[in-house]
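**Q** I grabbed these lines from TrEMBL:
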- A:9-170: domain 'Arginosuccinate synthase-like N-terminal' (DOMAIN)
- A:Ala13, A:Tyr14, A:Ser15, A:Gly16, A:Gly17, A:Leu18, A:Asp19, A:Thr20, A:Ser21, A:Ala40, A:Gly121: ATP binding site (BINDING)
- A:Tyr91, A:Ser96, A:Asn127, A:Arg131, A:Ser182, A:Ser191, A:Glu267, A:Tyr279: L-citrulline binding site (BINDING)
- A:Thr123, A:Asn127, A:Asp128: L-aspartate binding site (BINDING)
- A:181-398: domain 'Arginosuccinate synthase C-terminal' (DOMAIN)
There are 4 protein chains.
Amino acid sequence: MSAHQDVKKVVLAYSGGLDTSVILRWLQKTYNCEVVTFTADLGQGEELEPARKKAEMFGVKEIFVEDLRETFVKDYVFPMFRANTVYEGQYLLGTSIARPLIAKRQIEIAEAVGADAVAHGATGKGNDQVRFELGYYALKPDVKVISPWREWELTSRTKLLEFAEENQIPVTKDKRGEAPFSVDANLLHSSSEGKLLEDPAVAPDEIVFQRTISPEAAPDKATEISIDFVNGDPVAINGVAMTPATLLTRLNELGRDNGIGRLDIVENRFVGMKSRGIYETPGGTILLAAHRSIESITLDREAAHLKDSIMPRYAELIYNGFWFSPERRMLQALIDASQHSVNGRVRMKLYKGNVVCVGRESPNSLYDTRVVTFEDDEGAYNQQDAQGFIKLNALRLRLGGQIGRRGGAL
Amino acid sequence: MSAHQDVKKVVLAYSGGLDTSVILRWLQKTYNCEVVTFTADLGQGEELEPARKKAEMFGVKEIFVEDLRETFVKDYVFPMFRANTVYEGQYLLGTSIARPLIAKRQIEIAEAVGADAVAHGATGKGNDQVRFELGYYALKPDVKVISPWREWELTSRTKLLEFAEENQIPVTKDKRGEAPFSVDANLLHSSSEGKLLEDPAVAPDEIVFQRTISPEAAPDKATEISIDFVNGDPVAINGVAMTPATLLTRLNELGRDNGIGRLDIVENRFVGMKSRGIYETPGGTILLAAHRSIESITLDREAAHLKDSIMPRYAELIYNGFWFSPERRMLQALIDASQHSVNGRVRMKLYKGNVVCVGRESPNSLYDTRVVTFEDDEGAYNQQDAQGFIKLNALRLRLGGQIGRRGGAL
Amino acid sequence: MSAHQDVKKVVLAYSGGLDTSVILRWLQKTYNCEVVTFTADLGQGEELEPARKKAEMFGVKEIFVEDLRETFVKDYVFPMFRANTVYEGQYLLGTSIARPLIAKRQIEIAEAVGADAVAHGATGKGNDQVRFELGYYALKPDVKVISPWREWELTSRTKLLEFAEENQIPVTKDKRGEAPFSVDANLLHSSSEGKLLEDPAVAPDEIVFQRTISPEAAPDKATEISIDFVNGDPVAINGVAMTPATLLTRLNELGRDNGIGRLDIVENRFVGMKSRGIYETPGGTILLAAHRSIESITLDREAAHLKDSIMPRYAELIYNGFWFSPERRMLQALIDASQHSVNGRVRMKLYKGNVVCVGRESPNSLYDTRVVTFEDDEGAYNQQDAQGFIKLNALRLRLGGQIGRRGGAL
Amino acid sequence: MSAHQDVKKVVLAYSGGLDTSVILRWLQKTYNCEVVTFTADLGQGEELEPARKKAEMFGVKEIFVEDLRETFVKDYVFPMFRANTVYEGQYLLGTSIARPLIAKRQIEIAEAVGADAVAHGATGKGNDQVRFELGYYALKPDVKVISPWREWELTSRTKLLEFAEENQIPVTKDKRGEAPFSVDANLLHSSSEGKLLEDPAVAPDEIVFQRTISPEAAPDKATEISIDFVNGDPVAINGVAMTPATLLTRLNELGRDNGIGRLDIVENRFVGMKSRGIYETPGGTILLAAHRSIESITLDREAAHLKDSIMPRYAELIYNGFWFSPERRMLQALIDASQHSVNGRVRMKLYKGNVVCVGRESPNSLYDTRVVTFEDDEGAYNQQDAQGFIKLNALRLRLGGQIGRRGGAL
């Protein structure tokens, strides 16, 4: 949308903060169109009502304020965790997984209110613009997309503040100065990046962390909990059944208190550059370890290895913004097909940044003491079978060796 | 080798312990053949000279005692770490990676002394028999393989001790009773499994751990070190250049002292059952985190993702015993081709079980502050490009949406 | 089953031919057990009733004779073709896909008649023994498996004929001499291998082919047909709806008459050696080309590429005998999730061994003339978008080039 | 390059045809810069000297005319064929593989003559723009890229011809009218697409084909040839050693005369839409079949399967234009590591569109008659080994079955 298109009504993902307030006004002025605001609670830990008030102040007539926490965890976070998803070996995708839900609700609202456009507040250098817009286009192919940060002239903090002042947008004192880094948060994680954090040779200051205490500050005594799983999803902590969002909230508290879930990485963005991010995913870090542990006794070997082998691609899809794509759905079908027997209880020890499984049990356990035992197995396993197994696995290597390709030389 | 074959000379992987001493004598008696012993130092932390003495005592004429620590780390451990290799998401393959080297030296010795057979002390239920024998067959296709545990009648501890007694094999007092679990060790790790540890619902006792102190017992103050990499391999700690084995030894000490590298998992064996293992890989755990960190700024995104996508298969190959195979060599060629630029220094913080990167720098860094910056980038990146990038990535989704497949519905 | 186990009742996969008749009698004599016969029509083109007669003659009391052709095509062949499955780039898996169904029915019959064992007539060198037995064990873990060819002493043709003679097993004249090669057939294909065909340097004689005429002998005039697909499966030829088996039978005739579907390859067996096979898959060859063609306009790019990327593994699983495995089911879930929109009609030209698509159309077509046209596209595609797309795809390569890694040098 | 940048000297990929002549003049006028022309013989079958003459006529001072056929086949086509590369199951990538070489030479010339920019004649809807520009940027990150078809106003044939007339660009009679479809050609293939060919429901007219006769028109008698391979590359036909380009030229003649190598597909472009292409790859089609055949007896099973599993990704990279990328080089390292033993001779029968292997032999053959034979194998293979092999492969399935997950149910 290089030139400003003809737009009648636009649904804006609106946080109520300074930046999206400026966007709101800028949309009204630039496009001369009606703006509908959509403010969602995904567990970012902020009040939503002030956003409604502000929107009213800007003359917005259709204001949507929604608590999406349960949907977020149930339909986005949990399906992703079924795959033990990590991007580039480490990142738990806390930001990536929230964008599709926001995009989906924006489009649903656009359909409901008869809007022809949607707008978001993501910058032109990041992944989030991609995630929002791929979602928009997949769900409503003819939608017009407005990405103010790629369009407008407010390219410096000063200009932004000037615009705010000229347009009677209140700027709280703490927003006058430049934030030392940029923050995103939802029920799964908080991320911090940019500015002060741009040099990957320098460790982040303790002040950066908002959602966890440091391992050093955590208690000297470990906390032990149990988590119950049904069909690959966690359903209870210490035997107490909980809704998805409640459960993740509780895990977040447990993680926070034990210094769990901090991550400081340099990652590769879909748009082509490397960036440095500081992530805090306290509950998710516990959940990942717990899910792996319950799978370790309930999942067949080849099922597990197949999941492992497609996981990097699945993670990449989510990171890149292709949640609403045929290939993500296909991979999800494969993943979900493996989780029916992932039931049982694991006990996890939380201690100063460490998450350690200290016990797993399941009605579906494939772990068979009779077979594996060092003791007499009463015929459950015939050691003679190993010889034929090895001989036939070796056959091709031996045939190769006989004609000079010893040791797998090619 | 169901019936006892005609064997003239056999090279035995001999530790000097009770079990392999029984095997030595049993081979002499059962096969009526000459036994050559091979005892290697792979960093297991035991004296080798007693093994030589014992072998002499059994009338062995050709005794090989070798320090293979540098070869082990340089040609096996480091190549594996170039791939950030973990089996089933967690296991650092400490036992698996040692077997090929032992097999290779046994075969080389067999060729040198004119032996027609080799023997090992691995049981018939485990992976190690596979790893040894696949190595043997790949390197010497016509070799005869003797696997006493699959052949003999000494199927209980009592029978084994009786045989020892009848054959003047000294049994130290601590060996009279049954060990509470089975141990394997080398410079990369120690493993403990079996018996006392067979119930995956029960956490291991502190006494199981031999090579690390617990996070709880580790110092309250973090230790910070730097590691330098050249072509993907670590070459120096805190700026001090070290040989591979020396460096890994030093990392092991650092890991041990900070409670790093413990792992308690249920894994899937190649021979078909699940087993529970307790692993301690102090230095390797630090090395993995450090290698990932230096790659994060030096490796191209798609190079990194390609490595991630083939890693599970590479890990499986090593776990299953296919080190000497065409497919492992091919994957190694791919991996090694990516490491020429993996150079630089990372700083790692070690604290009570945690390994955290607190800084990375490299002459080959692909991290470009000018591009990624939140500040003015002086034209290094054109935000307008993102629009075309998104539009074309979305095109197929939009075309699908137009004919009713919204959101990737198939 | 090295020693002859205690078996009460065994279900034998019985063709009625000489070999399985010998097996039948041998089972009765060796195991002194009751034998239940199971004879299935999978489209191999032989009468089944003679098998019933023979079984009666051997005193068999429980005789199962079943026409499984529709089940075979619907539940085994078609699901496999949804993935465009070929093993090692070429083989359409005609033998592999039939074994699981036979195994499944044998087990179901064993459960129904209270048998404790099953037996098959596959040799000890081939893949079929694996496919049968993995199926048996997966479906009835405690079943006893009898594999006569691995057990008995009838290791030469002469001994087999002697046994037949001694046991009043009728040997037709043409069976007295040794067959020049071994044949397997079902509705999907015929295979020929062994003996006369063992030298891969020598082309097979025309006499080997049983199910196709040669391209040279085929008509000089092409035949054109249409095939309709619903959810990825063929449902009609030339507009005439047909059941699965009827449709495949018709495709076989069309293929046969046009010299289509011959294959002469050296393949890699799961048991470790290379073998040479001559296959005829007339209908399947047409179906594969037709399915690819309908997918080419109905399947999203990334859905198609994902299918392509997992296909070799899926093919390997079927070839190796893991149809009844969690990993095959997971992959099938992924594949099937992609086929809902694979609907439409393709027209195929059949001519002297060639199968060429000469037209595809679909109500779900993703092919959009407005976008792709060389003519004016009326804004359906904005060529400017390509620039941003390229620039961001190039970004990482440029950053690499700037620090000396030009052209992807690492 | 939305606005016309400041360019001093540009290297144009110049064919001498009308379109690139218009581009040449347009560059001179629009950018007011010096144009250097680069015309390469990649086997497209056109005279190059006319292009030189025309360039001189336009006042071009630095004119590069080069015969790159041997380089093209040796360093691009053959490495790609080592992987048995096909895109989307069928396409031999004839256009894709030529673009990187052109891009590379353009950049080398730019460096040599001190040019700051490069230009190509590819349109804004196709893949070629991506392939050219990714190559440019990878090899010279700071190069300026001019893509006239995305920039100029000559968006219709009429405007283009007007521009030609106004600028004294000669237009031959046959170019006055609109071509009925667009053609690209090099030593590997010819492609035809667009306009007349846009409807995938309609078969192409015979007139579209330029490089092959139809199967129908091909001789009634088969032609048999032998091809020798060394390290995976073809080196001789019928025992006569040839250079790469000579050999491919000869295969093209053989393919053309036997109606081999036609392909009519709908493919998925990197830029997001489906397009329909008619390809003729006569020699390449023979080469692919021949290479697969020699691999079938010389390549280890797992080496072959590993190659198969990465091939789709490798093909996608080449199709998308990432020849000069770290990931392509890594995959090439893997592929090349497998080809050392791919030596020997195959005999191929060519008949009316069919390419059939009728014999393979190799000094490196892994096909072992002693092992595979139906006859007595003299102990080369122990059938008893199959039992253990099957039992351990079945173990996990049996354990699953015992707890109710029969047949791989999850």
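Glycine is treated like the rest: Cβ placed from N, Cα and C.
Show me how these features fit into the structure around them.
**A** The average per-residue pLDDT of the prediction over the domain 'Arginosuccinate synthase-like N-terminal' (A:9-170) is 96, rounded to a whole number.
A:Ala13 (ATP binding site): 21 other CB atoms within 10 A of its CB, across all protein chains.
Neighbour count (other Cβ atoms within 10 Å of the Cβ, all protein chains): 26 for A:Ser96 (L-citrulline binding site).
Long-range Cβ proximity for A:Asp128 (L-aspartate binding site), meaning a same-chain Cβ under 8 A and a gap of 6 or more residues, is found for A:Thr95, A:Arg99, A:His120, A:Ala122.
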**Q** Excluding near sequence neighbours, so keeping only residues 6 or more apart in the same chain, what lies with its CB under 8 A of A:Asn127 (L-citrulline binding site)?
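**A** Spatial neighbours, sequence-distant, of A:Asn127 (L-citrulline binding site): A:Thr95, A:Ser96, A:Arg269, A:Phe270, A:Val271, A:Tyr319, A:Asn320, A:Gly321.
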**Q** Between A:Asp19 (ATP binding site) and A:Thr123 (L-aspartate binding site), how many Å separate their Cα atoms?
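**A** Roughly 11 Å, rounded to the nearest whole number.
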**Q** Report, as a single number, how many Cβ atoms besides its own are within 10 Å of the Cβ of A:Asp19 (ATP binding site).
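**A** For A:Asp19 (ATP binding site), the count of other Cβ atoms within 10 Å is 16.
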**Q** At a 10 A cut-off on CB-CB distances, which of the binding-site residues A:Ser21, A:Gly121, A:Thr123, A:Arg131, A:Ser182 has the highest count?
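**A** When each Cβ's neighbours within 10 Å are tallied, A:Arg131 leads.
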**Q** When the Cα of A:Gly17 (ATP binding site) is compared with the Cα of each of the binding-site residues A:Tyr91, A:Arg131, A:Ser182, A:Glu267, A:Tyr279, which one is closest?
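**A** Nearest listed residue in space: A:Ser182.
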**Q** Going by DSSP, is A:Arg131 (L-citrulline binding site) part of a helix, a strand, or coil?
**A** helix
**Q** If you count, for each of the binding-site residues A:Tyr91, A:Tyr279, the other Cβ atoms lying within 10 Å of its Cβ, which residue has the minimum?
**A** A:Tyr91
**Q** Using Cα coordinates, what distance in whole Å links A:Tyr279 (L-citrulline binding site) and A:Ser21 (ATP binding site)?
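**A** Rounded to a whole number, the Cα-Cα distance is 26 Å.
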**Q** Would you kindly determine which binding-site residues in the set A:Ser15, A:Ser21, A:Arg131, A:Ser182, A:Glu267 have their Cβ under 8 angstroms from any Cβ of chain B, listing them in sequence order or replying 'none'?
**A** A:Ser182, A:Glu267
**Q** Report, in whole Å, the straight Cα-to-Cα distance of A:Thr123 (L-aspartate binding site) from A:Ser15 (ATP binding site).
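**A** Approximately 15 Å lies between the Cα of A:Ser15 (ATP binding site) and that of A:Thr123 (L-aspartate binding site).
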**Q** Taking 10 A as the limit, how many CB atoms besides its own sit near the CB of A:Gly17 (ATP binding site)?
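**A** Looking across every protein chain shown, the total is 16.
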**Q** What are the non-local neighbours of A:Glu267 (L-citrulline binding site), defined as same-chain residues 6+ apart in sequence with CB under 8 A from its CB?
**A** A:Tyr87, A:Glu88, A:Tyr91, A:Lys274, A:Ser275, A:Arg276, A:Gly277
**Q** If I take the Cα of A:Ser21 (ATP binding site) as reference, which of the binding-site residues A:Arg131, A:Ser182, A:Ser191 has the closest Cα?
**A** A:Ser182
**Q** What does DSSP assign A:Ser15 (ATP binding site), in three states?
**A** coil
